[in-house]
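These come from Swiss-Prot:
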ACT_SITE  Glu504  active site
ACT_SITE  Asp672  active site, proton donor
CARBOHYD  Asn7  N-linked glycosylation site
CARBOHYD  Asn89  N-linked glycosylation site
CARBOHYD  Asn169  N-linked glycosylation site
CARBOHYD  Asn361  N-linked glycosylation site
CARBOHYD  Asn386  N-linked glycosylation site
CARBOHYD  Asn423  N-linked glycosylation site
CARBOHYD  Asn545  N-linked glycosylation site
CARBOHYD  Asn673  N-linked glycosylation site
CARBOHYD  Asn814  N-linked glycosylation site
CARBOHYD  Asn835  N-linked glycosylation site
CARBOHYD  Asn910  N-linked glycosylation site
CARBOHYD  Asn987  N-linked glycosylation site
SIGNAL    1-24  signal peptide
Amino acid sequence: MLLFKFNFTTAFLFTILAFAQARSHSSSSSSTSKSSASHHSSINSTSATSVYDFSSLTTPIVPTNGVAQEPTLYESSRGLSCPGYQARNISEYSYGVLAILELAGDACYAYGTDYPYLLLNVSYDTEERVHISISDLNQTQFQLSNRRDVWDAPLFYRSSNFSGNLQYNFSFNTDPFEFWITRIADDQVLFDTRGNPLIFEDQYIELTTNMVEDYNVYGLSGSQQSFRLGNNLTKTFWATGYSDSPEANMYGSHPFYMEQRYIPIGTTNTYTSASHGVLMLSSNGMEVLLRSTYIKYRMIGGIIDLFVYSGSTVSPKYTIQQYVQSIGTPTMQPYWSLGFQMSRWGYKTLSDLINMRSYLNASNIPTEGFWNDIDYMSEFRTFTVNSTAFPPNQTLDFFRSLDESHQHYVPVLDPAIYAANPNKSADRTYYPYYSGFEDNIFIKNPNGSAYVGMAWPGFVVYPDFTNPAVLQYWKQGILNLSTAFGSNYSYDLPFSGLCLDMNEPTSFCIGSCGSDLLKLNPVHPPFSLPGDVDNKVYSYPEDFNATNTTEYKSVSRASQSQYKATATSEKSHETPSSESLINGKPEFSINYPPYALDTDTETHDLAQFGVSPNATMHGNTLRYNLFNTYGYSESKISFEALNSIQPNIRPFLLSRSTFVGSGRYAAHWLGDNKSQWSDMVSSISSILTFNLLGIPMVGADVCGYNGNTDEELCARWMALGAFLPFYRNHNSLGSIPQEPFRWASVAEASRSAIEIRYSLLPYWYTLMHTASVDGTPMVRPLFFEFPKQISLASVDKQFMIGTALLISPALEPNTTYIQGIIPGDNDTIWYDWYNHSVINHDYDENITMSAPLGYVNIAVRGGNIIPLQQPGYTTYESRNNPYSLLIAMDNNGFASGSLYIDDGISMQTNSSLSVKLNSNSNTITCVVSGTMVSSPSLANITILGLSNPPNTILFNGQQLSDYQYSDQTLSLTNLLDLTVDGAFSKNWTVTWS
């Protein structure tokens, strides 16, 4: 939730939220179903006395802009005179290299004080991974690798199966010290610092690697971004609750990239390919400069903790497996999380949820989960429930009804804890604040007092998730939230998961702004909020049909008038001076380091939209050194707390802020996107990227979060979302309602897409299990499956689900056709999902595909066997329905596939099934291993690409009579009686002649 670009120089802003209710929207969209609009118009109506109202609160004068900084990125001269280092006292071993690095000349004081001596420690961790650590000799710089209590991963431990058969060479020169890493298999240089002096200062570290021409790099993400990164781009890693620019720093930090290289074979216009990976492990602020001939790392603290993965000359998926296995494979999510989820900021009462559920059910739109934003809280305070808007008895009845229908409820949980007003008697019962002080678990100021920022409740304090005592505190908070909802069962939570929002963490002011102002609490944040009279939403998607509707005219006039009012009151920022110098050296500064990061905030102050760098964490660790890990730490603690409360139920967590390895604990959504076609397009790139980064369960707010969607965009996005891992419709308070039943065409598109998604649940779940075992992405770019086809390197508007399905969505308004590529050479066979016909295509050529509204082009790749189930209204119903198999033969008449089955919810599965399926020109074999009893039978088998009709078909030796053959498609039906004990209760074989 949050955030628009706030201009704090004006008293209040107008662009956060709040334009329409369903009734007003129904009059503005000519294509809206009248019956739908009138039937559902009451869903957002609430009693004025039952919901929290900001309007009477005081707006305190607090610092919001900070001190204006000029990003250092745009300076070019600093560091050019730095001498680099020389290697001394070198010791080479079978497992690595140790050396002392000595400054090779006078200190240059680029953006800090140079260390005269460094320690080089090169460790050959595995056959595929080398770790280069460069630290100051006295070990005074912060090292994340020394804080295993905060962040731990397999990459810190040498593999017990290490054979010593290295797939790489580490080479170096001594004067100046420079190193390069080469993959032995093809002699490709993977990382190369030659010709680039190392700079290592107390607040500035610079390391540069040379790059090949027109390199293909992917990763380096914080949230939304393009897929293939350009070579004139800077990525800033500084977790913040706000960003308004593509590629800018945002919620998280993942300083890992994968490079895919194409090596031409003679003059034949064909290529081999190879990939490798690079991780610069750091929780400090960082910029990565991608330029035409190099990639440059600039860090404002810590050390160099560089991991290079030799990757693969076969497929990039092996490179990603190496990386993800080293940081920790993603957690296995519960089966229900693959269902469609419905959410918004604006379900203010229990009645809103009940009505919304009823309308979805009446519209026959399968819905798995129902989510609340902060509306359910009492005065937006964490671990509380507004008992007027959500009466405990009725709320528990609602939860029981969900449970009986095998549906789920997920509330949002913000980390910021309301700072109780000492003069308000009602605040004295707010346990999360007082018990947190008793447990001493809040982030502190340098003087030891509590750091008091600002969030939705007013002035707030922040739990320190690195404090060992915070686990019990957080666990108790979750239990108390359960009780506040009316539950009498401490260890049987009424909610199925938690949505971890605002966990960078976000603050609406600079510094500990509320330390001396708690007697004013609760206070109004220093900008206009949902429900304020001047807070309307006027934006619509690109190419929105601006007809003569009253809505659009009034929106346009109001938007222009408010823009003019804001523009005239805009004030220029204070002109910053250069950093302070002491004896010619940059002054050490935590809040305003000499190297100013290019953050996407108004002043580039590091504390804007976050907790200040000089705040203190457990063990007197500066937040400056752990800045990018807060969301990771909250996910870890929340996972452990839920696991402690319900030990055998998989925790489901959805986190906005993520760091390296967050996938071990949480899924991720891309944050506060916009209801724009461009945001729908970029969501594909971001989801593909996070699958490379070890967080496969990821999705965007379908139909958009900020701004108003429209019918066409929402129909297209609901259809697209069904083919991405995490599928949730969510938008902001003040924007028009966008539940899929609001428009007839959106409802139809949703039903069609969800029907396909739910039929594919066995396939999706198997992909999820594979990801949790070895890190293989669930959704993949095309070049992952076709790594030698160079034209696919930049394709990011089509994608693969696993190895078998190619998804080609419509991503532009006012179109019924799309252009797309069908990958692979002319021997690669693709079948149309809907009619099973062979798709004709030429190598490396786009084809035109029909794409009417509500339709997504799906191609099935020959060589795959896809397990399916008859879709139901919920994932529970679906997984208890009969199975079927879709077998798509390749050019040689072969196909294979797999299926993983467990109970879908247990943390430790006592029994499961692994099924291997293979087919050739006249036989299908099913080999089952495992002890789980799975009762659904097998209903039918469809075989595509069978050249000749069969005369006789046998299922485990028993002749079949129910089959049809047409256009190279064989359909075997009425198999239920042959598999009454379960489709995969035992091995079986189908043969034909």
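Placement of Cβ uses the backbone N, Cα and C atoms for every residue, glycine included.
What Swiss-Prot annotates, mapped onto the structure for a quick look.
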residue	record	Cβ neighbours (10 Å)
Asn89	N-linked glycosylation site	10
Asn169	N-linked glycosylation site	15
Asn361	N-linked glycosylation site	15
Asn386	N-linked glycosylation site	22
Glu504	active site	27
Asp672	active site, proton donor	27
Asn673	N-linked glycosylation site	25
Asn814	N-linked glycosylation site	7
Asn910	N-linked glycosylation site	10
Asn987	N-linked glycosylation site	13
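In the structure as shown, the Cβ atom of Asn835 (N-linked glycosylation site) sits within 10 Å of 8 other Cβ atoms. Applying an 8 A CB threshold to same-chain residues 6+ apart, the list for Asn423 (N-linked glycosylation site) reads Lys519. In the three-state DSSP reading, Asn169 (N-linked glycosylation site) counts as strand.
Separation of the C-alpha atoms of Asn673 (N-linked glycosylation site) and Asn987 (N-linked glycosylation site): 48 Å, rounded to the nearest whole number. Secondary structure from DSSP puts Asn89 (N-linked glycosylation site) in a beta strand. Put simply, of the recorded positions Asn386, Glu504, Asn814, the one whose Cα is nearest the Cα of Asn89 (N-linked glycosylation site) is Glu504. Per Cα geometry, Asp672 is the residue among the recorded positions Asn361, Asn386, Asp672, Asn910, Asn987 nearest to Asn814 (N-linked glycosylation site). In this structure, the CA atom of Asn361 (N-linked glycosylation site) is 27 Å away from the CA atom of Asp672 (active site, proton donor).
Calculated from their C-alpha atoms, the gap between Glu504 (active site) and the residue listed as 'active site, proton donor' amounts to 14 Å. Comparing Cα positions, Asp672 (active site, proton donor) lies closest to Asn386 out of the glycosylation sites Asn169, Asn386, Asn835, Asn910, Asn987.
Within 10 Å of the Cα of Asn835 (N-linked glycosylation site), not one of the glycosylation sites from the list Asn169, Asn386, Asn910, Asn987 places its own Cα. Asn910 (N-linked glycosylation site) sits 40 Å from Asn386 (N-linked glycosylation site), counting Cα to Cα. The secondary structure of Asn910 (N-linked glycosylation site), as reduced to three states from DSSP, is coil rather than helix or strand. In this structure, the C-alpha atom of Asn169 (N-linked glycosylation site) lies 47 angstrom from that of Asn987 (N-linked glycosylation site).
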